[in-house]
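Working notes for the structure below.
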Amino acid sequence: MQPLRVCSWNVNGLRSLPSPLKVILDSLDADIICLQETKTSRDLGSKWSCVDAYNSYFSHCTLKVGYSGVAIFCRDPLKPIAATEGFAQTLAYIDQYSLSCGNDVVPESGVEICPKDLKAIDSEGRFLVAFFPPQAIRRLDDLRIGPNRPLAVISVYVPRVSPEDPNRVHFRSKFEQLFTLCVSKLLRHNHVVISGDLNVYHTILDHCEPDIVTLETHTTAYRQWLNSLLTPHSRDPQIPASDDYPLPGNFVDIFRHVHPTRKDGFTCWSARTGARETNYGVRLDYILLDEVLATWFDRCTAHTLCADHMTNITGSDHCPTWTHLPLCLDVNGLNYPLPALCSRNWPQCQAKQVGLKGFLVAGPPAIGPPSTTGDNKKSCGLSCEHGSSTKNRNGQPKLKQMCLGISRSVSSNVDQFSPVLRKEQPLSDTDPVESADNLEIIRLQEIVEQTDAKKAQQSAAAWQRLLSGPKKAPRCRGHNEPCVLRSVKQASTNSGSRRGRRFWVCARPQGSKDNPVARCSTFIWDDQYVP
């Protein structure tokens, strides 16, 4: 029996993946694949939403097109018995399940979320849960028994927040509260696996520049939140405790559990700086197992259970992360239908292909402009009286008349829109200067001539720059190689530079200072550089 394998990947746009989706999914070799930042909508085509040999579930952003979104793909024959999207739907399902088990619904204290905030959070499509019943899985440490409760697998995409945007700071705070509430309620009746892009690095081992971890105070609250989800053994003792996250942690960071001292285990890199080539990134993607599952993980001796990243898989600025579960599939317990949320229930996944004959159906004639070919050619866009001498026998204007009309039209437009081109005739030596009006005309003529000369000089200079090409790139100081031209992306920088100002930097990918193959410190403003 092979252990179940869970994989999580921020794909940065499902449609942007370089290969057909089935090829990508097969390369991950996972039974449960959780995707984030899918950037899809409800009209997603069947080649993305109905992949052969997989059953899939989506949560889309309903406010923006091409934004956020999460998904879960399950490799057949494994399938969930239920799937929920958003916090509101998941909390309702949990309460309904509690009542069906004869338990009371326990109200939560300390969490204040108004319906407006709940709707706004769920509308971004960041939270999705798939539930697998106990009869469909078996424990690897003892195949005779299954888990005593369902397995809930979460695909989550925590919002990224800029400290300059207070509205999104509030949004993330509410998201974290709802997430913690939902997970704590799930744990009462389920084993839980959290997989996704949490958009926070946990310890100094998870950042390419450890010194920044202690300097970026705006990330402290996010690291405190992640710390609160983890068991005491998995927490970072250097992160100060916070009263905002009093709930005890019940999860194990399985990658760090397997690789406790690994420093290069990054999952996200800047695509703009090419930092992936030098592994100069951060770890933002996690798979967390609840504490009970983690004990089974260590207890299994028949299989070596592993967790790692797949840095060889490209197509996104993130790489997939995966882990084995201490569970295996029981195909005899899969006699239940697919959940309603499954994409196989979508119309585009059920439509039959239309044959060629389906397009050859008789119908009313098309409504449109009359044909301009053959004998029906009655008009060519010019309005003339019937029988006019400017038409030939077919009613069309003669070529000479058409050219005359076009010439007059062009002349009229030039006269109307180009007054500068219409210069007064220069005064001859015999023309009398009888009034101030004539002097004014002479001055206006001189101004026009000066303006035309200045424009001609500017045009000549522009053409000279264009024909001579861009100025030669400077060479970096560290490698003596040509630099590359970049531009400021922020609205403003600490030095006061504005968006669009250009600068030269080393062409090599970004990396640590002690890496000789990484980018050196060369930086030159383009407007201050003279070749």
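Using the three backbone atoms N, Cα and C, a Cβ is placed for every residue, glycine included.
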Given that TrEMBL annotates E37, D197, N199, D317, H318 as binding Mg(2+), state which candidate in N10, N167, N227, N279 belongs to that site as well.
N10
Using the Cβ centroid of N10, E37, D197, N199, D317, H318 as the reference point for the Mg(2+) site, which residues of the same chain not in that list have Cβ within 8 Å?
N12, Q36, Y157, C268, L284, D285, S316
Fill in the CA-CA distance, D317 (Mg(2+) binding site) to D285 (site 'Important for catalytic activity'), as an integer in Å.
12
Give the sequence-ordered list of residues that share a chain with D197 (Mg(2+) binding site), lie 6 or more positions from it, and have CB atoms under 8 Å from its CB.
S8, N10, Q36, E37, V156, Y157, V158, L284, D285, H318
My understanding is the cutoff is Cβ-Cβ under 8 Å with a sequence separation of 6 or more in the same chain; which residues meet that for N199 (Mg(2+) binding site)?
Y157, V158, P159, R160, V161, Y222, L284
Note down the number of other Cβ atoms within 10 Å of the Cβ of D285 (site 'Important for catalytic activity'), including every protein chain shown.
24
